[in-house]
Amino acid sequence: MHTKTIASIASGMGGGIGVIRISGDDAMTIAGKIFRKRSQIDLSSECEKEDVQSDDKFFEKTDTHTIHYGFIVDEGKVVDEVMVLVMKKPNSYTREDVIEIDSHGGPFIVKKILETVLKNGAALAEPGEFTKRAFFNGRIDLAQAEAVMKLISSENNYALDSALSQLEGNLSKYIEDIRQDILYDMGYIEAALDDPEHYDLGKFRFELRDKLERDKDKLNELVEHFDDGRMKSEGINTVIVGKPNAGKSSLMNLLLDEERAIVTNVAGTTRDILEERVKLGDVILNLVDTAGIHETDDVVENIGVNKAIEYADKCDFIIYVVDSSEKLDDADFQIIDILQQKKGVILMNKSDLNPVTTVNDIQKRLDWECITFSNETKQGMKELEDYVNNSFLDGDISFNDQVHLTGIRHKEAVMAAIESIDAVLQAIDDEMPEDFFTIDMMDAYKGLGLINGETASEDLVNKIFKEFCMGK
Ligand SMILES: Nc1nc2c(c(=O)[nH]1)N(C=O)[C@@H](CNc1ccc(C(=O)N[C@@H](CCC(=O)O)C(=O)O)cc1)CN2
Ligand SMILES: Nc1nc2c(ncn2[C@@H]2O[C@H](COP(=O)(O)OP(=O)(O)OP(=O)(O)O)[C@@H](O)[C@H]2O)c(=O)[nH]1
Ligand SMILES: [Mg+2]
C-alpha cells in the first residue's frame, strides 16, 4: 500500500537552524524535486541555472543516513541554503522513508520551505502524526509514544528521567510480563478443561492464587508511587493560606519574582484564587494564592474564603503564612483546625518587624515545620526551598530498577486490572470452578493491554495522539 507522505516543521520556531521533516513513500521524490546542488545554482541571480533539470531520483539513489549540502528551489528560485538528511525505511523515526531539511532557522524561511514541500505533493502532518506512524509501524508501543510527549514537556530532572525510562520500554516490559503470566495461566485452565486426562487442575488454584497475589503486589506498587511521581514531574499542587494581610500574595509575588498578585495593606485584598507555576530548586509548585480565611459577612469575600478552604482540602501541600508581628487570633485558630491532617509548612512571616507570635506558640497547636520568614528581607527563602526539595525529592529514585506510571490513563488501567484480579482471588476463595476465573483474568489481561496499546481502540489511540505537538 502506498502511504500518504506527510510533512511538518519539526523544530521550535526561531533558533539558528530549522528542521522540516517529510515521511512517507514519496519523501525521496518530493525532496529530489526541490533540491539542487551548488553547481546547479547561479549565485548571482539566486536562481537555478538555465539548463538544470530536477533529479527526482537523486535521493532514491543515495545511501541511507547520508547528508547532502545544497539549495531548496521553488519554481527555479532559491528559497534557502540547506542540509538534507536521508533516512530510508525501515531505519527511520517512522520506519518510513524520511527526509529532513535543515534550513536557516527564521520562521519565515522555515514556513516557506514547508510550503514548497507541500506544493510538491506532501500533506501537512497532523500533530503527533510522525510518532503515530512509528507506533502503527511497530517501532514503539503506546506507552513509549506517550513517553515522547512527556519527554518534550518535562521541566525537571525527575520528569526527564521517568520519561526516558518509559521511552526505553521499562513500563511496557513490566506490564507485559504480568500480562504474559496471566495469559499463560488462562491457557492452562482452558487446556485442562478441554483435556482433563493430560492436565491436572488439582492444586492449580493454589498456585494461581500465589501468582496472582504477586502480580497484584506489583501493580499496587505502581499505584502507590503514582501520586509521588505525578507531584515530582508535573508539580506539587500547593496552596498558600493564612488570615487576611498575613502576606500570602506578597509571597506569591516573591516566589514568582514578579508583581503578579495585588498586594495592599487592606485586609481582604485577594478575593479570587490565583494560580501560577513556579520552580523552587528542582521542585515545581503549582501555586495557588487564596483569600485570607476568617469570619466575614461580605458576600464576595466569603465566596473567596470558601474557595480557599476547598483548595486547601484537596491540595498536595500547604504553605501557611502567619503574621508573626501580630498575636494569633480566631482566624488563625480556624485555619489551624482546617490544617490538622494536612501536609505543609508554616512561614512565620514579617520577621523584619517585632515578633509577637513565636514558633512555640504555633507549633503547640500545629505540628509542622516552622520557618522564620520575611517577604521584605527574603529571610527564610533558602530554608523554604530546602524544605520543599527535601520533602519531595528525598531518596533519589533509581530509574533502572523502578518503574513509574506517568499518566492518569495508566493508573486507571492498572486499578481496573487490580479489581479484576481481586475478583479471581475471590472466586478462588469461594471455591468456584476454574472456568469462572478466566473471565476476570481476561479482563485484567485486556485492561493492561491498554497501556502499551495492544488492546487500545482506534478512538483511544487517536485521542492520545491529538495531544501531541505539531511536527512530532
Ligand atoms: N534529526 C533528528 N533528530 C532527532 C530525532 C529525529 O527524528 N530527527 N528524534 C525524533 O524524535 C529524536 C531521536 N529519536 C530517534 C529514534 C529513532 C530513530 C530511528 O531512525 N530509528 C530506526 C533506525 C535506527 C538505526 O538506524 O539504527 C529504528 O529504530 O528502526 C531516529 C531518531 C531526537 N533527535
Ligand atoms: N514588613 C513586612 N510587611 C509585609 C511582609 N509581607 C507582606 N507585608 C505587607 O503586608 C500587607 C499585606 O500583604 P498581602 O501580601 O497583600 O497579604 P495577603 O495575605 O495576601 O492579604 P489578603 O489578600 O488580604 O488576604 C502589605 O502591606 C504587605 O506589604 C513582610 O514580610 N514584612
Ligand atoms: Mg492576598
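The backbone N, Cα and C atoms fix where each Cβ goes, glycine too.
Because TrEMBL annotations are produced automatically, they should be read as predictions rather than curated entries.
The annotation in TrEMBL ties THR264, VAL266, THR269 to K(+), and of the candidates under consideration, ASN237, ASN245, ASN302, the one tied to the same site is ASN245. Considering only the binding-site residues ASN245, SER249, THR269, ARG139 ((6S)-5-formyl-5,6,7,8-tetrahydrofolate binding site) has SER249 as its nearest partner by CA-CA distance. Taking a Cβ distance under 6 Å to any atom of ligand 3 as the criterion, the binding-site residues GLU100, SER249, VAL266, ALA291 reduce to SER249. For the (6S)-5-formyl-5,6,7,8-tetrahydrofolate site, whose binding residues are given in the record as ARG21, GLU100, ARG139, LYS472, the maximum C-alpha distance rounds to 19 Å. In this structure, the binding-site residues that sit close to ligand 2, with a C-beta under 6 angstroms from any of its atoms, are SER249, THR269, THR270, chosen from ARG21, SER249, THR269, THR270. Within the model, the domain 'TrmE-type G' (235-393) shows a mean pLDDT value of 95, rounded to a whole number.
ARG21 ((6S)-5-formyl-5,6,7,8-tetrahydrofolate binding site) has THR270 as its nearest neighbour among the binding-site residues ASN245, THR264, VAL266, THR270, going by CA to CA distance. With a cut-off of under 6 Å between the Cβ and any atom of ligand 1, the binding-site residues GLU100, SER249, VAL266, ALA267, ALA291, LYS472 reduce to GLU100.
Burial estimate for the binding-site residues (VAL266, ALA267, ALA291): highest at ALA291, by number of other CB atoms within 10 Å.
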